[in-house]
């Protein structure tokens, strides 16, 4: 059956009827769907592992941790917090409206479209979906055709476990996506690259549909010369190759260090790469493969660049679907790979002229370099920033990222909301940023009240214990006095 504009229009109409009935608004419906998703992940874990093995050769442990485990956390958060999220919040009123009162009532947007990515096909599909459900919306998921086994399994499982009158999956490629984008949605959520993001924005603009773009970018890592070199190398390797073989928008893309320290860092990376993946990493079962031949050819073209090919200091070998882990030294910033110059001052000017990092800005640095990076951060729009000094532990897992995706041409401060955890429900529900700020202030106030309550309770308990101890001592003294008086008599 061909899925064209007519089929897409019919689908949206069906979901609008379902949404208009009001059933997706109820707490019970939302909770039942989230519980069904948790049940699905538990009962069909083996099938999910197999699908990701087929699409990306993802190791089972990586699938369980980054695709299944992290999504379960999102579901459990919804189950734990949804009732509070749905509760109306008191709003301040001015003296001119006295004696009236006001409140903010969270409400769903309606029928939303989620277009997901191929690199984490389950997590990046289901996290926005569970956010849409938690907000009380009807939702259509369009998984990526680049991960066909995962796309097919998502369509099958969501059809079996969820309410199909309000939640649907549409498989396909460009034609199907185009048909969907021609429709009037109440919100569109897209995860992917900027090129397609612009197409999504243009289509949404025709209907004045609000859009969330979660886009890829380049994520730098600054390494100072005064660090624990082995630890820094392991962290870089874990972030770059330990998560989907670098096919992640928040994995470290390039390193910034001093010219003198670069050889030591390269040697440490070589040593730790072999420690992690063996003498011949290309044969390791702990590395995902490049997703398809087109992406493989694109990477191959990068390495064939005359500005790059002579600067490969480790790796570069390949088979039909994998590259040997590759380290390139002394790049100048004008190569197709978009790697960086080695000096922080030069990097500042270079960064300001390029796309903002949408992922983690990771620093293995001393306090001096960290302070310079702090100055740089004030002048540029970054994603999550992780400072890792000599005695610190890795505090952020490269799996959850709370940055707002941004478009290169967007003015400073104009971006799109983050979507993990509660933000997913807020992004796909009718709650403004001012509402979120009010919620955070209320939460802070509640925490202060809770702390004061606990402190008062603790002090009261200590006071009670002290009174009991004093009473006991007084009784003992009274008994001794009475006994002494008896002896005197």
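Each residue's number is its place along the chain shown, starting with 1.
Placement of Cβ uses the backbone N, Cα and C atoms for every residue, glycine included.
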Range annotated as region 'Disordered' - as stated in TrEMBL, picked from 448-468, 469-489: 469-489
Note the mean pLDDT of the domain 'Aldehyde dehydrogenase' (15-319), expressed as a whole number. 90
Tell me the Cβ neighbour count for residue 214 (active site), meaning other Cβ atoms within 10 Å of its Cβ, over all protein chains shown. 25
The region 'Disordered' (469-489), counted residue by residue under DSSP: helix, strand, coil: 20 helix, 0 strand, 1 coil
